[in-house]
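Copied over from Swiss-Prot:
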| type | residues | note |
| --- | --- | --- |
| ACT_SITE | Asp63 | active site, proton acceptor |
| ACT_SITE | Asn129 | active site, for ring-opening step |
| ACT_SITE | His131 | active site, proton acceptor |
| ACT_SITE | Glu136 | active site, for ring-opening step |
Amino acid sequence: MNILVVESQEKLAEAGYKLIENVVKSKGNPTLGMATGSSPLGIYAEIRKNKLDTSHVTTVNLDEYVNLPHEDKNSYHYFMKEQLFDHLPFKATYVPNGMANDLEEECNRYEGILAANPVDLQILGIGENGHIGFNEPGTPFHSRTHIVELTESTRQANRRFFEKEEDVPTHAITMGIGSIMKAKQILLVAMGPKKAEAVKELLQGEYSEACPATVLQRHPNVTVIADQEALSLCSEAIADEHRQVFTISDLLSDSRVGETAN
C-alpha cells in the first residue's frame, strides 16, 4: 500500500488526477470506477480543467440511492452528470439504477456490466465508520452488488445534502466489497480529522468485516492520498511502513502502478 501525504485539497486533487491521467493515457480502452460525495470533487474538477480526453473511457459508479429519481439533485446520476458527464464525452457510463422495479435483477445486471468492463482504477472515499461504497460494517468481504440499508451514522453524514432529514434515503444499491476488490488498482482519498479513525483502522487495524476498508490490506495495488489530519491517529511506525513513495512522480514510475490484482 502506498501513502501519499498532501497538504491541501488542491494537492490531493492534482495527485489523484495524475494517477487517473496515467491510466487513461496508457490504456487503449480503460474503465474507471467512479465515486461520489465530497472526496473526489477536486479530482473531477481537475479532469474538467485539463480537458482530459475521455472519449475512449468507460466509467462504472460505485453506488446509487434507492427510490431517488435520477433527476433529483442528490442522486448520483445527477452528481455525475454535473461533475463530468455533461462536460466531457465518454465511451460509456454506468450508474446503478436505484429506480429499477426489480432491484435484485438490477444487482445482477450491474454485476454483468462489471464483468464485461473490468475496472482499471477504482476511486474510493472512506466513511467515518470505515465503509467503502455503501458497504457498511459487517458486510461480507466476498459480497457482490447488493441492496443495503444505510446505517444511521451514514444517513447523518449525508444529511447536509438534503433539505429535510426524512428526505435522506434509507437504502442504496452498491457494488459489493468483492466487486470492488476486482479492480486492478485502487485510489482511496481521505481528508480531515473526521476520517482519522477510519484511516487508522485501514492502515493498522485488524483485517475484519467490522471495518470494510480493512479489506484493502489484502489488495496488491492500493494508493492512499491523505492529509496529516486524516493520518493523525496513525502511529509513525505504521505510516512509515506503508509510505513507500513520497511524490506523485515516484508513484507514477513505480513498477506496481497498473499491475493487475490477483
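Even glycines carry a Cβ here, placed using N, Cα and C.
Put simply, Asn129 (active site, for ring-opening step) is 8 Å from Glu136 (active site, for ring-opening step) when counted between their Cα atoms.
In this structure, the active-site residues under consideration are Asp63, Glu136, and the one with the smallest number of other Cβ atoms within 10 Å of its Cβ is Glu136. Here Asn129 (active site, for ring-opening step) comes close to Glu136, Pro137, Thr151, Ser153, Thr154, Ala198, Cys211: these same-chain residues lie at least six apart in sequence, with C-beta atoms under 8 angstroms from its C-beta. When other Cβ atoms within 10 Å of the Cβ of His131 (active site, proton acceptor) are tallied across all protein chains shown, the result is 25. Here the CA atom of His131 (active site, proton acceptor) lies 12 Å from the CA atom of Asp63 (active site, proton acceptor).
DSSP gives Asn129 (active site, for ring-opening step) a coil state; it is part of no helix or strand.
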